[in-house]
Amino acid sequence: MSETVPAASASAGVAAMEKLPTKKRGRKPAGLISASRKVPNLSVSKLITEALSVSQERVGMSLVALKKALAAAGYDVEKNNSRIKLSLKSLVNKGILVQTRGTGASGSFKLSKKVIPKSTRSKAKKSVSAKTKKLVLSRDSKSPKTAKTNKRAKKPRATTPKTVRSGRKAKGAKGKQQQKSPVKARASKSKLTQHHEVNVRKATSKK
């Protein structure tokens, strides 16, 4: 009897272990893992491109200046130093960034002309166009004064020919009157001579 009891207890223990539910370790899908790994890299690249688009340095921003800009944006630069360097290298290889100085992750970087956002280009164009408009307006504001003075100077010239023409008309009228008056005088003289001759003839006939 002593030998059968332990065997029964052992079989009962094995059956109980089989009945217990086995916990399976859940595995995350591959897509979630890759996404979680890529998110910090994407955020770093976005922050770098934004910092370079805002900067007005023609030569480009150095690595130290980029780190300062990222720290000001709230990014932990000390913990993610290696990620910053890797993202810089990948952006240079993709052609998004241009390395103006240095080699590798050290040196100065700036955005390539193809990747400059349209907003910055439009702002630059607007500023240039606004400056040109101001210059044109200032020139135009000066030019009307000269135009007014020229108009004032031209007005007497327009009035003078009228006076000259009126004077010419008056002279022409006087000349015509003078030309007409000698004819009248001649006609009156001829009439007087005719009357005188008639009177003389009458006197001679009476004699």
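The backbone N, Cα and C atoms fix where each Cβ goes, and this holds for glycine too.
If you look up Swiss-Prot, you'll see 1-31 (among others) marked as region 'Disordered'.
For 7-16, the entry in Swiss-Prot reads compositional bias 'Low complexity'.
Swiss-Prot lists Ser9 (among others) with the feature phosphoserine, giving similarity to another entry as the kind of evidence.
Taken from Swiss-Prot, the feature domain 'H15' covers 40-113, and the record attributes it to sequence analysis. Remark: secondary structure over the domain 'H15' (40-113) totals 39 helix, 11 strand, 24 coil, with classes taken from DSSP.
The site 'Important for nucleosome binding properties' annotation in Swiss-Prot covers Gln56.
Under the heading citrulline, Swiss-Prot lists Arg58, citing similarity to another entry as support. Packing around Arg58 (citrulline) is summarised by its Cβ count: 7 other Cβ atoms lie within 10 angstroms of its Cβ, all protein chains included.
Feature annotation from Swiss-Prot assigns region 'Disordered' to 116-207 (among others).
If you look up Swiss-Prot, you'll see 116-136 (among others) marked as compositional bias 'Basic residues'.
Positions annotated as phosphoserine by Swiss-Prot: Ser143 (among others).
Under the heading compositional bias 'Basic residues', Swiss-Prot lists 148-157 (among others).
Per Swiss-Prot, the feature phosphothreonine maps to Thr159; the stated evidence is similarity to another entry.
If you look up Swiss-Prot, you'll see 165-174 (among others) marked as compositional bias 'Basic residues'.
Under the heading phosphoserine, Swiss-Prot lists Ser166 (among others).
Residues annotated as phosphoserine in Swiss-Prot: Ser181 (among others).
Look at Swiss-Prot and you will find Ser190 (among others) tagged as phosphoserine.
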Quiz item: Gln56 (site 'Important for nucleosome binding properties') has how many other Cβ neighbours within 10 Å of its own Cβ?
Solution: 5
